[in-house]
Amino acid sequence: MTVKETRPAAPGAVSRAVRGAAIGNAVEWFDFAIYGFLATYIAEKFFPPGDETAALLNTFAIFAAAFFMRPLGGFFFGPLGDRIGRQRVLALVILLMSASTLAIGLVPGYDSIGVLAPILLLLLRCLQGFSAGGEYGSGACFLAEYAPDRHRGFVVSFLVWSVVVGFLLGSVTVTALEATLSESAMNSFGWRIPFLIAGALGAVGLYIRLRLGDTPEFEALRESGEVSTTPLKEAVTTSWRPILQIIGLVVVHNVGFYVVYTFLPSYFTRTLEFSKIDAFYSITVASLVGIVLIPPLGALSDRVGRKPLLLAGSIGFAVFAYPLFLLLNTGSLAAAIAAHAALAAIEAVFVCASLAAGAELFATRVRSSGYSIGYNVSVAIFGGTAPYVATWLVSRTGNDIAPAFYVIAAAVVTFLTVLTMRETARQPLRKLVSD
């Protein structure tokens with residue numbers, strides 16, 4: 001197919017794209033993260049009193065259920081992004097995410113409406129998951145198509161960087177409330193405040209994204225009249241191999257991320273028996289490690305290639321997950337925080353390159369569809385279930401180190417997948433895959 005030549009985006013346009021995608025994404029993942037940070041309060045408010053472990057498992061099960069909606073969101077929003085543009089989809093998903101998060105903060109608890117409370121919670125979490133299914137794929141494609149070829153890894157790395165920022169903001173917000181409010185006030189209404197804040201933040205993110213233009217790659221495709229009318233079918237039939245590669249590529253991306261940023265905060269308090277403020281210190285340090293490391297490592301992937309960092313991250317998890325979980329369980333807070341930070345550093349080594357590498361596998365006509373399908377299938381199976389599986393492993397085996405074996409298995413799957421991929425750094429998108 002003949003597609004109009006793409007003009008590189010002006011530096012100012014690239015900066016605006018990065019700010020818009022990153023700020024909006026941070027807001028969206030603040031919405032998503034606070035559920036994990038407030039898991040113990042949600043378990044108490046939305047489920048019958050009794051077995052605390054069962055209530056927490058149910059809470060994480062609903063957390064995981066939202067991830068099973070992500071493939072549906074990917075199947076819907078991915079092709080939509082290939083038909084109407086990435087920018088419009090990014091605006092729509094942040095609207096849906098923020099509205100559903102705000103609604104969670106307004107739902108009455110189990111003591112008021114009984115079983116209807118967890119049902120409504122499940123429905124709203126599923127809406128969150130559905131909208132999140134359009135975020136990562138569309139955002140990765142949006143930044144990859146705006147970025148200069150020689151700096152694509154650096155530019156796209158800000159998408160995952162903004163996720164860590166969102167998680168940190170969620171942690172800071174929850175911890176500030178816990179430090180300010182009494183335990184009874186927090187259990188009564190304080191836990192709802194972050195969900196209400198999310199509504200206001202979502203309006204800001206929506207405003208920013210509505211002011212963005214679409215990518216030069218997509219505009220060139222549209223001006224040439226070559227926008228696919230059936231991108232989902234085209235992606236599945238012509239790009240099935242890259243879709244499978246994306247599924248395998250992000251297994252350790254997701255397991256590692258949700259273990260580090262969602263599971264470990266509750267692991268600190270319930271299994272390691274540290275205080276909530278200790279858990280806050282640890283997740284703050286881990287988040288700062290990710291925030292500091294991800295952009296420069298993304299730039300490094302532009303110089304040395306994507307595969308060296310992807311392989312290093314996979315090997316890092318496979319080799320160090322077990323000893324780092326041993327370090328977590330020494331009883332020393334300093335050692336536990338150091339182990340948490342080390343796991344976050346390994347995750348940064350991998351994720352700095354994984355988003356750009358994934359976007360580079362697909363042609364512009366089906367990039368949003370292919371990436372969204374592959375990524376969200378993988379995150380539904382391995383990401384959203386990670387806190388549940390890790391919690392279940394500890395409960396079932398009585399072995400506090402058991403989650404490490406899940407991380408190791410994920411690392412092996414991803415390592416083998418990366419071996420099947422070719423190097424894509426610094427090459428024009430058009431030459432990587434012909435449209």
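Heads up, the Cβ atoms here are built off N, Cα and C, so glycines get one too.
Curation does not apply to TrEMBL; its annotations are automatic.
Pulled from TrEMBL, these are the features on record:
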- 17-426: domain 'Major facilitator superfamily (MFS) profile' (DOMAIN)
- 21-43: transmembrane segment (TRANSMEM)
- 55-77: transmembrane segment (TRANSMEM)
- 89-107: transmembrane segment (TRANSMEM)
- 113-133: transmembrane segment (TRANSMEM)
- 154-177: transmembrane segment (TRANSMEM)
- 189-208: transmembrane segment (TRANSMEM)
- 243-264: transmembrane segment (TRANSMEM)
- 279-297: transmembrane segment (TRANSMEM)
- 309-328: transmembrane segment (TRANSMEM)
- 334-363: transmembrane segment (TRANSMEM)
- 375-395: transmembrane segment (TRANSMEM)
- 401-421: transmembrane segment (TRANSMEM)
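Distant neighbours of the transmembrane segment (113-133): 28, 31-32, 35, 42, 45-47, 58, 62-63, 65-77, 92-94, 96-97, 100-101, 103-104, 107, 372, 376, 384; these residues of the same chain sit at least 6 beyond its ends, with a Cβ under 8 Å from one of its Cβ atoms. Tallying C-beta pairs under 8 angstroms between the transmembrane segment (21-43) and each of 55-77, 89-107, 154-177, 309-328 places 154-177 first. At the 8 Å Cβ threshold, with sequence separation of at least 6, the transmembrane segment (334-363) comes into contact with the transmembrane segment (243-264) through 3 or more pairs. Confidence in the domain 'Major facilitator superfamily (MFS) profile' (17-426), given as mean pLDDT, stands at 90. Cβ atoms under 8 Å from those of the transmembrane segment (279-297) belong to residues 154, 157-158, 160-161, 164-165, 167-168, 171-172, 175, 260-261, 264-266, 268-269, 309, 333, 336-337, 340-341, 343-345, 347-349, 351-353 of the same chain, restricted to positions at least 6 beyond its ends.
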